[in-house]
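Features reported for this protein in TrEMBL:
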- Asp56: active site (ACT_SITE)
- Asp249: active site (ACT_SITE)
- Cys179-Cys379: disulfide bond (DISULFID)
- Cys238-Cys403: disulfide bond (DISULFID)
- Cys290-Cys339: disulfide bond (DISULFID)
- 38-375: domain 'Peptidase A1' (DOMAIN)
- Asn312: N-linked glycosylation site (CARBOHYD)
- 413-438: transmembrane segment (TRANSMEM)
Amino acid sequence: QQDPLGGADGLALASDPGGTLNFLAMVENLQGDSGRGYYLEMLIGTPPQALNILVDTGSSNFAVAGVPDPDVTSYFNAELSSTYKSQGIDVTVKYSQGSWTGVLGTDVITIPKGIYGSYTINIATILESENFFLPGVKWHGILGLAYDALAKPSSSVETFFDSLVRQAKIPNIFSLQMCGAGLPVSGSGTNGGSLVLGGIEPSLYTGDIWYTPIKEEWYYQVEILKLEVGGQNLELDCREYNADKAIVDSGTTLLRLPQKVFSAVVQAIARKSLIQEFSSGFWTGSQLACWDNSERPWSLFPKLSIYLRDENSSRSFRISILPQLYIQPILGIGENLQCYRFGISSSTNALVIGATVMEGFYVIFDRAQRRVGFAVSPCAEVDGSPVSEIEGPFTTADVASNCVSSISFHEPVLWIASYALMSLCGIILLVLIILLLIPPRCQHRYTDNDVVNDESSLVRHRWK
């Protein structure tokens, strides 16, 4: 399972002081927390303007605040950059929460704790937004690291990472560590983290890396085989876990589960926990649970395990998070009480492995080999004890050979289906016109019962 160097290219570049990559220089280049996201400092334009950019593996546009906003402390002023070029193309991006509208352009960027050199990147300047920049966030833009299929306004917009791979000639792989385990979800915003561009840094993980295939290249879509709570299988049909997709998304705060899975997980946690009476508002996110400062409530809750299909499809492995990751402390409530929120929520259209889970692992997005890797992160410790685990391999004999629906209803497929239907309608229309133009002598002599009147004619109503 282990591939600690990310291939020969990663090794050669990492060991070459004159090369573009120095993975150790990228260690601790992120700051943030699971509640408000992890961000990377970037220098944009000429002369350079320093901005903090949210790292998001669940979208594909690189965008920065382009005008003052009450919730951001800095913004990119394109008029002050001699290298900025507007493309004059409007773009709108909607997320599960929040949206923004802006204009596409290009400019040069450098990453102080990243790849050496300057690179020309597509950049959207955000002119209007709704519930995107939030009070207290310390970032000023978003770095979408998913595939170009999700890029707006179309997949022809080259993504940030594709531009880096092409211009810097780095391996098509990046890896991510977020170090906020057991810390307040919206604290000082100075928790560490690392975004390693172009490879894998061995000091950021322990044990082996376990890889699961990327099922489709839009989001980082993976295949989940089953969930366990406290070592007990939920016994759901495995397709329920992938309804209608399962993705790895650093831009989502919580572990989000399809409604049926969420209900089963809540019931199992409530059944396994050592708390007799528990408010339903805690599970739905509308209430916090508070304990005396001297207490550690994590011992009252069970471990949660997610099984992923291995690259060898007859095997699986499981990533497990202890309650220190999903029973999350909230800062500043009461003098003698520490309050916690539930780090899992329901979703209408996906299972999302968000920051709640990712904070337990070093996650490798190996685009070159179309796989996502997980390894135990040494920063995923609370009070000196690890709060995440990876175990395997396990057999998949008890699971369906394919837990992912063969039809993924997302934009590229919908466009293809639309064009196919339009083509079919065009052919039918052409046939009908030809039939109308056939000379009367070749036509069938209708009886009264055969006549198709104008009111029901498909040709007459073809434009409706």
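Cβ from N, Cα, C; glycine included.
Candidates Asp249, Cys290, Cys379 (recorded positions) were compared with Asp56 (active site); those inside 10 Å Cα-Cα are Asp249. Taking a C-beta cut-off of under 8 Å and a sequence gap of six or more, Cys403 (disulfide bond) has these contacts in its own chain: Glu223, Ile224, Leu225, Cys238, Arg239, Tyr241, Asn242, Arg309. Comparing the disulfide-bonded residues Cys179, Cys379 on other C-beta atoms within 10 angstroms of each C-beta gives the minimum for Cys379. Of the candidate recorded positions, Asp249, Cys290, Asn312, Cys339, the one lying closest to Cys179 (disulfide bond) when CA atoms are compared is Asp249. The two recorded residues Cys290 (disulfide bond) and Cys379 (disulfide bond) have their Cα atoms spaced 26 Å from each other. Across the structure, Cys339 (disulfide bond) and the residue listed as 'N-linked glycosylation site' are spaced 43 Å apart at their Cα atoms. Same-chain residues at least 6 positions away in sequence with a Cβ under 8 Å from that of Asp249 (active site) are, in sequence order, Asp56, Thr57, Gly58, Tyr219, Tyr220, Val352, Ile353, Gly354. Applying an 8 A CB threshold to same-chain residues 6+ apart, the list for Asn312 (N-linked glycosylation site) reads Pro393. Around the Cβ of Cys290 (disulfide bond), the number of neighbouring Cβ atoms within 10 Å comes to 16.
The 10 Å shell around the Cβ of Asp56 (active site) contains 22 further Cβ atoms across the protein chains shown.
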